[in-house]
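Asks: Dropping the structure in here first, questions after.
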Ligand SMILES: O=P(O)(O)OC[C@H]1O[C@](O)(CO)[C@@H](O)[C@@H]1O
């Protein structure tokens with residue numbers, strides 16, 4: 001499945017452990033941390049040693065990571081099951097980058113939508129764009145799901161210190177509670193609704209959009225729809241049917257995957273929040289990472305190294321999950337965003353050739369630190385499964401000097417967690433500590449095993465100066481490319497998502513059963529039983 005050199009590096013890693021690597025080389029950070037400008041990737045607290053890294057880099061070469069990357073940037077149709085190019089980097093490119101799909105340059109189209117977004121965002125922000133009764137917009141509701149929600153919602157929260165536009169609300173769930181709880185607080189006269197859907201067919205989004213439309217029409221009349229709605233989609237014909245006026249329709253292209261679309265017009269709510277210039281800085285940050293991915297040698301290339309470390313933990317170390325723990329409250333939606341990016345991309349059971357793969361991408365999960373410490377870190381430190389942790393932390397906070405203690409504590413906690421995971425606490429150390437605290441030898445023997453931390457638990461730290469638009473752009477692009485690198489190593493297509501289809505089909509089929517128009521027929525016994533129970537409970 002993978003070269004002997006990696007297998008022997010993995011066996012050596014199991015035997016030696018991470019703590020011993022630091023004992024033999026106290027300067028390990030110097031050789032195992034890497035940087036793109038002020039963004040630092042620390043791999044030193046993994047079991048990857050120099051030899052393992054060389055073997056992994058050679059494996060990346062064998063798996064055609066560079067060739068695959070070049071094919072993606074050249075606009076080749078690497079999403080073979082959907083017959084599409086994968087060109088999200090073009091959305092943050094400059095004209096001189098020369099991105100092209102189907103042999104046609106795309107830079108002018110991208111720039112023209114960006115200008116349209118910028119003009120509209122400025123209008124919403126300065127009151128030039130108004131509602132049907134001439135009021136400026138105080139609130140924007142983005143209706144979308146998956147890639148049409150998670151990216152802009154995560155980024156709007158992340159860039160809160162730069163948010164000087166109207167309030168932005170995100171509604172994704174078809175559960176009526178989501179829309180109802182949001183609209184309840186808003187005034188239709190001052191609310192703009194953005195319907196964001198690549199396909200403009202997603203049932204959750206279309207249902208929420210129709211309800212929001214009724215809310216606007218009930219308050220302001222049918223004619224208000226054209227003033228209070230905007231749409232982002234690749235399906236311009238379907239948007240027009242909804243009654244949205246042409247100048248409020250923002251297009252993008254089939255070479256942009258939903259979970260890679262934050263850089264497109266899907267980012268419109270973010271542009272309204274932080275302004276078009278802030279949005280351009282965000283794009284520029286991502287482009288910086290693209291250029292780094294394209295030009296840095298493999299051995300210094302952050303997306304390649306992060307991808308190799310991810311693959312190493314998943315395959316060579318056999319860890320089924322990874323935790324993403326931002327020590328940055330404003331990145332609290334980053335783990336959820338990465339779940340779609342990572343698992344919708346690399347959760348595949350067959351490779352590009354249609355043959356089963358032995359292992360695909362890991363489960364990604366997480367919560368911000370320090371909250372996670374008081375919830376699930378117990379398992380990460382002492383449970384029987386190894387969970388590689390990815391810490392993200394900024395050296396600087398946006399809060400003033402009077403709150404400096406918060407950032408100091410945050411940083412100290414982040415560093416403490418990765419150090420504790422790496423070094424652990426031996427039985428002897430635990431026993432000694434108990435004795436020093438006054439325990440009797442019998443008591444120390446009894447309690448010490450519970451206070452042992454095995455250590456040698458891997459973590460990766462991503463350190464940045466400050467969470468601003470440029471850095472957020474770099475971080476997201478880094479993870480996008482990491483997912484791509486891992487897909488190359490697994491041999492799978494990261495850009496389709498057939499695994500979401502079956503549930504959608506069955507849900508459509510079950511609607512008349514739930515409404516009682518059809519009976520459950522010959523569906524499975526559990527579904528029949530649950531439908532009967534729902535109907536009984538609904539009558540109560
Ligand atoms: O933007 P759309 O077309 O509404 O799709 C929303 C999401 O649904 C999915 O297709 C999966 O259900 C995602 O890939 C996508 O981001």
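Positions of Cβ are set from backbone N, Cα and C atoms, glycine also.
In case it's useful when we look at the structure, here is the feature table from TrEMBL:
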type	residues	note
ACT_SITE	344	active site, proton donor
ACT_SITE	374	active site
ACT_SITE	504	active site
Asks: Could you check the active-site residues 344, 374, 504 and say which one's CB has the fewest neighbouring CB atoms inside 10 Å?
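Replies: Comparing Cβ neighbours within 10 Å for the active-site residues 344, 374, 504, 374 has the fewest.
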Asks: I want to verify one value. Collapsing DSSP to three states, which class is residue 504 (active site)?
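Replies: In three-state terms, residue 504 (active site) counts as helix.
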Asks: If I take the alpha carbons of residue 374 (active site) and residue 344 (active site, proton donor), what is the distance between them in whole Å?
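Replies: That comes out at 29 Å between the alpha carbons.
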Asks: Pop the Cα-Cα gap between the residue listed as 'active site, proton donor' and residue 504 (active site) into the table, whole Å please.
Replies: 15
